[in-house]
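Below you'll find the structure, written out as structure tokens, and then a few comments.
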Amino acid sequence: MKIFFCNWRGLESNSSRLRSVLFIFFSLSILLFPLGQALRVILPILCLPIIILLYIQDWNNSTLRILPFRWLFIIFIASFIIQLVTSEWLAASWASVKPNLLRGIVLAFVGMEVVRSEKDLRWLIIIFAVTFFYEGLDGVWQVLTGFDYIKHTAIMSGRLTGSLGTYRVGNYMAIIALPAFGIWTLLPMKNNRLRIVAVAVLLSPGLFLWLGSFTRIGYLALLGALYILWICIWTKFSLLKVIVPPMLLLVVLSMFGIARLSWETMLNDPRIELWIRAIEVGKEHLWLGTGSSTFILALQKQGIILQSVPSMDLGHPHNIYIQFFIDGGLIGFTSYILFFVIITLWTLFHIRRGVQKEIQGLFPGCYWQLLSFIWAGWVAYLITGFCGHDFYRTWWLSTAATLLGILIGGCQWGKKDSKKELDSVSLV
């Protein structure tokens, strides 16, 4: 709790004070996220003037200035603007984009600037674990009473919604579960059995809500991200480890899976037709697309009628990667994919290297191990993007931006500190 009640006189400069205030607001934006829309709006807005002032006062020491791939942000933002201004339906595009400018995207820059030490990461991992725990308890309460405690939302068609009011809470829980799993690294028990019991107690309510939402892509996101974390960071790579576990999982699901996870259900999913038609729309606007969040309008303009999805919410194609192609054409799609791939691989390279050095005892502490769970949360977000979300859904984009900021800031400053550690080891 020292970060919340720091000794202001001991801080070196105004920029340190600004970072401390930003850290408080950023932490609260994670902790209070499930409590309602008002807090999701207010806290990022409170961060905005502070981070602008921080950049003005301390630009030379900012994470954004020293990033090796600042040009990626320029490409991403340029593509973002082009999709908006070239939209055939500018008002509709602006209405979709506008909420994310203050509530979502700003959190990536805030996270980037406030994470500079292992203590920062420890605190954020604890906050994710607490959030996962109490939102999970809300799901347990919903099962017992029929309504969640926070927002008094009823169970939706047999599926839990938690305080988010939608079964998409399964996607949210899948994403924040990965940082919450980082609590394993922080627990003081040396006995692994005791540690397993403690982690199970802490995370079981959240996992209960995750399971009770019956969100298929949420299941895949959590399990897939854990699997990718294991093979890419925590163990030596081998072809058997890549192939065998997914094959076993597919066999189990096909033989014993519940109805929503059966092969027949998934192959007859109406979204398959939706994706095919969406790609057809994109081909008609190959280079620049139709503009931000204009899929349904473009679909109607071309007179395309969907046979299998008459009642679905067709505001988006239920796949953000196809949405990138429709909204921005090949230019926008390439820009966004380039942004995601380079950042994901750059952070993976540094985190894997750092984790291995910590395991070998060359680096002290658990900085990179903690950051690996943040990276896994980011991977879970990328997986959920394959099915069921609009890229501009504000709560979902805010969650992703939060993880992205922590990930970039953590890697950049950890990279600098790790170089110092290696230099000191070589001198010895």
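Cβ atoms are placed via backbone N, Cα and C, with glycine included.
If you look up TrEMBL, you'll see 41-57 (among others) marked as transmembrane segment. For the transmembrane segment (41-57), the residues of the chain that approach it from at least six positions outside its boundaries are 14-15, 18-19, 21-22, 25-26, 28-29, 32, 64, 102-104, 106-107, 109-110, 113, 398, judged by C-beta separation under 8 angstroms.
The feature transmembrane segment is assigned by TrEMBL to 69-86 (among others).
Taken from TrEMBL, the feature transmembrane segment covers 123-144 (among others). For the transmembrane segment (123-144), the residues of the chain that approach it from at least six positions outside its boundaries are 3, 27, 30-31, 33-34, 115, 150, 153, 155, 160-163, 169, 172-173, 176-177, 179-180, 182-183, 185-186, 202-210, 212-213, 370, 373-374, 377, 406, judged by C-beta separation under 8 angstroms.
Look at TrEMBL and you will find 169-187 (among others) tagged as transmembrane segment. Away from its own ends, the transmembrane segment (169-187) comes close to residues 122, 124-126, 128-129, 131-133, 135-136, 139, 160-163, 195, 198-199, 202-203, 206-207, 209-210, 213-215, 217-219, 221-222, 225-226, 229, 366, 369-370, 372-374, 376-377, 379-381, 384, 388-389, 395-396, 399-400, 403 of its chain (Cβ-Cβ under 8 Å, at least six residues beyond either end).
Residues or ranges marked as transmembrane segment in TrEMBL: 194-211 (among others).
Annotation source TrEMBL lists domain 'O-antigen ligase-related' at 206-336.
If you look at the transmembrane segment (217-235), the same-chain residues 6 or more away from its ends with a CB under 8 A from one of its CBs are 168, 170-171, 173-175, 177-178, 181, 210-211, 241-242, 245-246, 249, 261, 348, 351-352, 355, 372-373, 375-377, 379-381, 383-384, 386-388. The feature transmembrane segment is assigned by TrEMBL to 217-235 (among others).
TrEMBL lists 242-263 (among others) with the feature transmembrane segment.
Summarising the annotation, TrEMBL assigns transmembrane segment to 320-349 (among others).
Residues or ranges marked as transmembrane segment by TrEMBL: 361-383 (among others).
Annotation source TrEMBL lists transmembrane segment at 395-414 (among others).
Under the criterion of 3 or more C-beta pairs below 8 Å, with sequence separation of 6 or more, the transmembrane segment (69-86) and the transmembrane segment (320-349) qualify as touching.
Outside the transmembrane segment (395-414) by six or more residues, the chain places 26, 29-30, 33, 40, 44, 63, 66-67, 100, 103-117, 121, 124, 164, 168, 171-172, 175-176, 179, 343, 346-347, 350-351, 354, 367-368, 371, 374-375, 377-378, 381, 384, 389 with a CB less than 8 A from a CB of the stretch.
If one looks beyond the transmembrane segment (320-349) by at least 6 residues along the same chain, the residues whose Cβ comes under 8 Å of a Cβ in the stretch are 68-69, 72-73, 75-76, 78-79, 82-83, 232-233, 275, 278-279, 281-282, 285-295, 298, 375, 378-379, 382, 385-386, 389-391, 404, 407-408, 411.
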